[in-house]
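Database features (Swiss-Prot):
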- 1-13: topological domain 'Cytoplasmic' (TOPO_DOM)
- 14-30: transmembrane segment (TRANSMEM)
- 31-48: topological domain 'Periplasmic' (TOPO_DOM)
- Cys40-Cys43: disulfide bond (DISULFID)
- 49-64: transmembrane segment (TRANSMEM)
- 65-70: topological domain 'Cytoplasmic' (TOPO_DOM)
- 71-88: transmembrane segment (TRANSMEM)
- 89-144: topological domain 'Periplasmic' (TOPO_DOM)
- Cys103-Cys130: disulfide bond (DISULFID)
- 145-163: transmembrane segment (TRANSMEM)
- 164-168: topological domain 'Cytoplasmic' (TOPO_DOM)
Amino acid sequence: MFLTYFDAMPRRVLALVSLACVALLAFGLYLQHVVGLEPCPMCIVQRYALVLVAVVAGITAVAKSRGLLITGSGLLVLLSGFGAFVAARQSFLQWYPPEVASCGRDFYGMIETFPLKRAIPMIFKGSGDCTKIDWTFLGLSIANWSFLCFVAIALVGLVLITRLARQR
């Protein structure tokens, strides 16, 4: 069955999650630099969350102990939950845009002063409108797809935690 893969190879599952996050980030960069879509502040926050999920999944994939696997998977759930929250908020703003389009310039200011912004400016620079839907696939916006991806990652983390805790 599908869930036995989580029991037999949890490190491989985490490595695949990390690779999937890198692929999603690469696609976001493609949309930004090749297609010409400008990311909004909420998109940038989702990128931060995706980078953190990729790093945590990658580090947890090489963990030797079951306790570290469970802890890393828990952190994966928290980070992807945060990313899902931001994506859900952006989706809500896209479905029900306010009369004055704003996605939180104070939030954007926090992002602009974050040290990682200086280290990787090309990835985390953007000024788009959070309520604007620039691109869709199968009727869903980028924020909708981002939400679904974060939820899927959180579910993978929850399954890993459950399966690993039962093995004790």
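Glycine residues also receive a Cβ, built from the backbone N, Cα and C atoms like all the rest.
Annotated features, which come from Swiss-Prot, shown on the structure.
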residue: Cys40; record: disulfide bond; Cβ within 10 Å: 24
residue: Cys43; record: disulfide bond; Cβ within 10 Å: 25
residue: Cys130; record: disulfide bond; Cβ within 10 Å: 22
Among 49-64, 71-88, 145-163, stretch most in contact with the transmembrane segment (14-30) (C-beta, under 8 angstroms): 49-64
Tertiary contacts of the transmembrane segment (49-64) (same chain, 6+ residues out, Cβ under 8 Å): 11-12, 14-15, 17-18, 21-22, 24-25, 28, 71-73, 75-76, 79-80, 82-83, 86, 150, 153
Length of the line joining the Cα atoms of Cys43 (disulfide bond) and Cys130 (disulfide bond), in Å: 8
Stretch-averaged pLDDT - the topological domain 'Periplasmic' (89-144): 65
Between Cys130 (disulfide bond) and Cys40 (disulfide bond): CA-CA distance (Å): 5
Where Cys40 (disulfide bond) sits in the secondary structure, as DSSP reduces it to three classes: coil
For the topological domain 'Cytoplasmic' (164-168), distant same-chain residues with Cβ under 8 A (at least six beyond the ends): 7, 10, 66, 69-70, 73
Chain residues outside the topological domain 'Cytoplasmic' (65-70) and at least six past its termini with a C-beta under 8 angstroms from it: 10-11, 14, 160-161, 164-165, 167-168
